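Heads up, the thing below is written out as structure tokens.
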Amino acid sequence: MAENLKGCSVCCKSSWNQLQDLCRLAKLSCPALGISKRNLYDFEVEYLCDYKKIREQEYYLVKWRGYPDSESTWEPRQNLKCVRILKQFHKDLERELLRRHHRSKTPRHLDPSLANYLVQKAKQRRALRRWEQELNAKRSHLGRITVENEVDLDGPPRAFVYINEYRVGEGITLNQVAVGCECQDCLWAPTGGCCPGASLHKFAYNDQGQVRLRAGLPIYECNSRCRCGYDCPNRVVQKGIRYDLCIFRTDDGRGWGVRTLEKIRKNSFVMEYVGEIITSEEAERRGQIYDRQGATYLFDLDYVEDVYTVDAAYYGNISHFVNHSCDPNLQVYNVFIDNLDERLPRIAFFATRTIRAGEELTFDYNMQVDPVDMESTRMDSNFGLAGLPGSPKKRVRIECKCGTESCRKYLF
């Protein structure tokens, strides 16, 4: 039995910091965790709980890492070397003073409710940092994820699991493609039209990896059976998110949102919408539950027929947090790579315009597609234009809060 377990590993339920705390509490050294006899009794500031000023001397109530709250002590400013923690403490203090009293001058003693708020804020920051670390440990894409909440005390969402690709539900099979292209150069010298041509469609990208098809047209990328390599210009969506993105708390009642930390060029791929693939019947059952929550995470895959739905409520990637806008900067495309079943496309977001660093990413939950000239879409004359993937399931009338000039007032 032991031999069968060699080389196996499991995820630890405790974070690195939590394990270090346990070692110090138990007075155990652990070289793997960086806890030795030399630093076992070192005191490290976990966060600051309170503040007071006596005869021009500043004091802080310090919560020490690895020690209970009852062991917190008042320390003079000169004893503390934690510049980052001190700076964040005063930033949070000033912001809350402005919110409560419309002034930012620090009092000599803090009101108990204000001190309690600062403790809760410090604990929230730790929880969000742990969540950020978990997200980055699970992501398989190049782009990093940061998390930010400067609005309220909400922490990480409960029961949400970050995934990088579809989670296939019971009774659903994703059939792998059997053949691939034989191209020497898929963009400039495609053999038989490459993978798009094999499906009687046109090549989707230019030499910069930007989509050049009209919205509503499918994208066929090269697959795992193709002769071309990783650098093939027809492999874009499958390479995953390449931009650094931030999950942030909105200040206008829209919950969490996503902003880009980098400039994104027009028509560039941004992210996929992933979640659980479930049948439409199961989606109807879950939808009745989500209705009471005002949820909009059910996304119909109705490229050719409404058979399957993507549910990103509990399993999803960063697209789970992207908000609606009636004037969005992201457009949805159906993408086919290793599975060519037209009932099960992958859902990809592309930029509709140049998006500045720091700008929020949005898509239209009730998207529509303009009519497209049939001859410009597919290579044969029997093509009937299939539409965009379905919007998140439209069940209840939800008020829109996007605030754009073209706002329709309701999501659905």
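Using the three backbone atoms N, Cα and C, a Cβ is placed for every residue, glycine included.
Swiss-Prot lists 43-101 with the feature domain 'Chromo'. The annotation domain 'Pre-SET' is assigned in Swiss-Prot to 179-240. Taken from Swiss-Prot, the feature Zn(2+) 1 binding site applies to Cys181, Cys183, Cys186, Cys194, Cys195. According to Swiss-Prot, the feature Zn(2+) 2 binding site maps to Cys181, Cys195, Cys222, Cys226. Swiss-Prot lists Cys186, Cys222, Cys228, Cys232 with the feature Zn(2+) 3 binding site, giving similarity to another entry as the kind of evidence. The feature S-adenosyl-L-methionine binding site is assigned by Swiss-Prot to Arg254, Gly255, Trp256, Tyr297, Asn323, His324. The feature Zn(2+) 4 binding site is assigned by Swiss-Prot to Cys326, Cys400, Cys402, Cys407. The phosphoserine annotation in Swiss-Prot covers Ser391.
Sequence features, as recorded in Swiss-Prot, placed on the structure.
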residue	record	Cβ neighbours (10 Å)
Cys181	Zn(2+) 1 binding site	23
Cys194	Zn(2+) 1 binding site	28
Cys222	Zn(2+) 2 binding site	25
Cys228	Zn(2+) 3 binding site	22
Cys232	Zn(2+) 3 binding site	20
Gly255	S-adenosyl-L-methionine binding site	13
Tyr297	S-adenosyl-L-methionine binding site	23
Asn323	S-adenosyl-L-methionine binding site	20
Cys400	Zn(2+) 4 binding site	18
Cys402	Zn(2+) 4 binding site	21
**OP:** Starting from the Cα of Cys183 (Zn(2+) 1 binding site), work out which of the binding-site residues (Cys226, Trp256, Cys326, Cys402) are within 10 Å.
**Re:** Cys226
Original post:
Taking Arg254, Gly255, Trp256, Tyr297, Asn323, His324 as the record's S-adenosyl-L-methionine-binding set, what's the max Cα pairwise distance in Å, rounded to a whole number?
Top reply: 14
Original post:
Other than its own, how many Cβ atoms are within 10 Å of the Cβ belonging to Cys183 (Zn(2+) 1 binding site)?
Top reply: 22
Original post:
Helix, strand, coil residue numbers for the domain 'Chromo' (43-101) per DSSP?
Top reply: 25 helix, 22 strand, 12 coil
**OP:** Could you put numbers on the helix, strand and coil content of the domain 'Pre-SET' (179-240), residue by residue per DSSP?
**Re:** 8 helix, 7 strand, 47 coil
Original post:
With the Zn(2+) 3 site defined by Cys186, Cys222, Cys228, Cys232, which remaining residues of that chain have Cβ atoms positioned within 8 Å of the Cβ centroid?
Top reply: Cys181, Cys183, Cys194, Cys195, Cys226, Arg227, Gly229, Pro233, Asn234, Arg235
Subject >> Other CB atoms, at most 10 A from the CB of Cys186 (Zn(2+) 1 binding site) >> reply: 24
Original post:
Which ones are near Cys226 (Zn(2+) 2 binding site): of the binding-site residues Cys181, Cys194, Cys195, Trp256, Tyr297, Cys407, which have a Cα within 10 Å?
Top reply: Cys181, Cys194, Cys195
Original post:
Taking the Cα atoms as reference points, how far is Asn323 (S-adenosyl-L-methionine binding site) from Cys222 (Zn(2+) 2 binding site) in Å?
Top reply: 31
**OP:** Specify the nearest of the binding-site residues Cys195, Trp256, Cys402 to Cys228 (Zn(2+) 3 binding site), where nearness means the distance between Cα atoms.
**Re:** Cys195
Original post:
According to DSSP, which of helix, strand or coil covers Cys407 (Zn(2+) 4 binding site)?
Top reply: coil
**OP:** Would you mind sorting out which of Cys195, Cys222, Cys232, Cys326, Cys400, Cys402 (the binding-site residues) have a C-alpha within 10 A of the one on Arg254 (S-adenosyl-L-methionine binding site)?
**Re:** Cys400, Cys402
**OP:** Spatially speaking, which of the binding-site residues Cys181, Cys186, Cys195, Cys232, Cys400 is closest to Tyr297 (S-adenosyl-L-methionine binding site)? Use C-alpha to C-alpha, please.
**Re:** Cys400
Original post:
Under 8 Å Cβ-Cβ from Cys326 (Zn(2+) 4 binding site), six or more apart in the same chain: what's there?
Top reply: Asp364, Cys400, Cys402, Thr404, Ser406, Cys407, Arg408
**OP:** Let me know the most crowded of the binding-site residues, choosing from Arg254, His324 and counting other Cβ atoms within 10 Å.
**Re:** His324
